[in-house]
Amino acid sequence: MGAPVPAAGQRQVAKKVPVPTNYRNAVKYVRLAVEQRLNVDAQIEQDKHFRCGRTLVGRVLSNLPKIDALYGQLELATKEPRLDVCMARVLIAELMFGSGRLVGNSRPVECVRQYAEQLQSALATVEANAPAAGQIKGTAGRLFVLRMGQRKKGGKRDATAAIAATTAPEAAATERAVSAPSSDDPYTIPLHSRQAAFAILWLLVYSFAMFTLPFGAFYGTRHLLAERFAIEGFHNTCGSVLAAVLTVNVIIMLYAFRGFREVEEEDRERPRFVRLNTSVLNLEGSRRLLQEEQWILVEEQFADYRAFLERVKTLGEAEYLEDFHFADLLVFPHSAKSFWARATHLHGQFVLQNKACLLPTYLLKPTKKSVVLDMCAAPGLKTTHLACLMKNKGRIYAVERCAHRYTTLCQYASEHGVIKTMHRDCLDLTDEQVPGVEFILLDPSCSGSGMLKRQQVPEPMDEPRVYKLAGLQYKLLSHAMNAFPHARRIVYSTCSLYQQENEGVVHGVLRHNGHFRLLDARKEFGKEWLNVGDGDAYPGIGERCLYARTEDDLTIGMFVAVFERCPEGYENEVYRAHEKQKESYERVALRYGITGKEGQQQEQQQQVEDAGAGQEATGKGSKKKAGGKRAAAEPEQQVESASGEADVVQKKRKKKSKQVQEA
Ligand SMILES: C[S@@+](CC[C@H](N)C(=O)[O-])C[C@H]1O[C@@H](n2cnc3c(N)ncnc32)[C@H](O)[C@@H]1O
């Protein structure tokens with residue numbers, strides 16, 4: 001088998017290296033599927049010791065025609081008679097369509113490895129000869145079934161579809177065509193249309209049930225009670241109504257149950273993110289550890305972020321990816337949740353943390369040995385990530401005011417000498433207590449509307465609460481900008497999707513703090529990112545802030561804004577515009593003999609009227625502009641509310657407005 005033959009008289013003492021268990025197991029199932037035409041799906045599912053079975057076996061079966069073509073083209077049957085054909089299939093699949101490398105030095109592995117280059121060049125010919133989508137119409141009915149299976153089950157795609165394909169070799173031969181349906185295939189129904197059709201169908205079924213079954217239950221029970229048990233009158237009616245009510249409730253429960261099931265299905269697309277604790281483990285080490293746990297690293301290259309996300313959605317149950325953006329983040333399928341819950345022996349090296357939470361820490365970009373302040377630190381996931389990014393050098397002050405959360409923070413921080421925890425209110429903090437702070441992370445309490453649970457069971461916005469939170473967030477951000485004279489970069493983040501807590505707060509704070517400016521977070525990030533804030537409602541602000549969105553990024557919802565101290569003598573544009581406006585208010589005030597703030601009220605009123613007139617004249621465009629102005633005015637109002645001035649100001653405004661009208 002290609003292994004060097006020992007020279008005459010030379011004794012060979014080489015120990016026989018065993019073939020890795022995963023490969024041996026895969027060979028067993030491939031043999032059953034290919035030679036005996038068995039559906040091994042259920043068997044693999046039950047084989048708890050072969051967790052990566054779906055991926056390994058699926059990979060062979062879904063590429064079987066190409067693998068066999070490669071096997072034939074290289075004449076492996078004659079050149080390597082001792083190499084078992086199923087073993088060859090598994091190893092070629094791994095090498096050409098899987099991780100791209102083989103584990104260990106067993107003889108079959110060494111044997112296939114030596115053909116790696118030849119296999120690579122032969123693959124181009126084999127792929128060129130593979131049948132195109134147009135050629136598969138004869139088996140289109142079967143392919144339709146395959147597509148349904150592939151799209152619906154996501155992570156289970158490989159094995160299920162491939163095993164079905166194995167039972168029909170002609171269908172398997174078109175695996176490539178299956179994964180890229182052609183527009184001229186009449187059997188392909190777009191996924192969204194199919195989902196909508198099913199939703200409507202189910203709705204019809206339930207409404208039909210709702211309008212028929214309770215009546216059936218009512219009259220059936222009435223009849224039964226009267227005929228069989230001779231119960232008439234009031235008792236009969238009670239029994240019949242009870243039966244109808246029970247039926248209604250059962251239907252409602254079934255409907256709700258279906259809803260929960262759908263949420264679970266959606267969950268399945270969401271990955272489990274795991275961060276490396278780079279203080280104790282590097283990427284290479286993580287690969288080794290995970291391989292020992294039978295995880296398979298998908299080493300594909302992605303053209304862009306969207307292509308990566310699509311691959312994440314179809315991760316096999318034993319596969320994982322290294323993240324597209326962050327080198328210290330790994331992406332596992334949703335089903336890995338239970339593995340990570342059990343794998344307590346790995347919790348020191350790996351940290352369960354959502355990808356969105358890495359945006360603020362990466363964007364803070366603390367330099368080596370710098371002084372960082374994490375104003376709202378507990379439980380400390382971002383703090384410990386900062387410690388890793390800073391390679392445990394410099395100083396991180398981690399502040400938390402809530403006692404029990406502070407205890408958790410201390411536990412997390414205990415491994416990182418660079419973190420100094422402080423149990424206090426960060427609004428009382430001054431530069432003397434945390435000397436020389438240059439970088440500030442502010443991740444304050446928020447409504448949490450971006451958390452998955454809140455998104456799955458949406459509830460209406462609690463406006464007074466959000467209003468209050470925005471006031472507090474404004475106060476904290478203002479404090480960050482003013483209490484620490486050496487602060488040069490501030491990152492503000494929330495796990496809220498409400499603009500009031502995000503762009504609104506940023507706008508309010510820029511307006512009153514000319515010495516900090518808002519950076520373009522997308523540019524600062526330096527990599528492809530999909531979502532930014534609302535630039536229509538908050539021009540010059542929205543488009544500079546980042547959002548992570550569950551529906552796109554498969555993460556929790558998160559907002560991030562990055563501020564930088566302005567150079568000497570420079571003030572941010574929002575502040576300058578506001579100052580200019582204030583001057584114009586003062587001029588109005590002088591004209592009418594009222595105070596500056598009241599002048600502002602007059603001017604704003606005039607602007608709204610102007611916008612209204614413009615809207616009438618120009619339609620939609622002007623309406624948007626007016627909306628933008630109104631939205632932009634919100635944080636100002638929130639600040640006033642936070643300091644308890646709002647009512648007084650309102651009353652004064654009304655009174656003076658009346659006076660001016662009279663004048
Ligand atoms: C969203 S959590 C922070 C999460 C944390 N950054 C992480 O990634 O693990 C907000 C925290 O800020 C704390 N907090 C809120 N206001 C505070 C204040 N004025 N001073 C200190 N901590 C505060 C809350 O108790 C809460 O633990």
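Cβ atoms here come from the backbone N, Cα and C positions, even for glycine.
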Residue in D425, D428, D462 which TrEMBL records at the S-adenosyl-L-methionine site where E400, D443 also bind: D425
Summarise the model confidence on the domain 'SAM-dependent MTase RsmB/NOP-type' (262-566) as a single mean pLDDT, whole number. 95
Compute the C-alpha separation of C495 (active site, nucleophile) from D443 (S-adenosyl-L-methionine binding site), stating it in Å without decimals. 9
Counting across all protein chains shown, how many other Cβ atoms sit within 10 Å of the Cβ of E400 (S-adenosyl-L-methionine binding site)? 26
Return the single residue from the recorded positions list (D425, D443, C495) that has the minimum number of other CB atoms within 10 Å. D425
Of all C-alpha pairs drawn from the S-adenosyl-L-methionine-binding set E400, D425, D443, the farthest apart lie at a distance in Å of 14
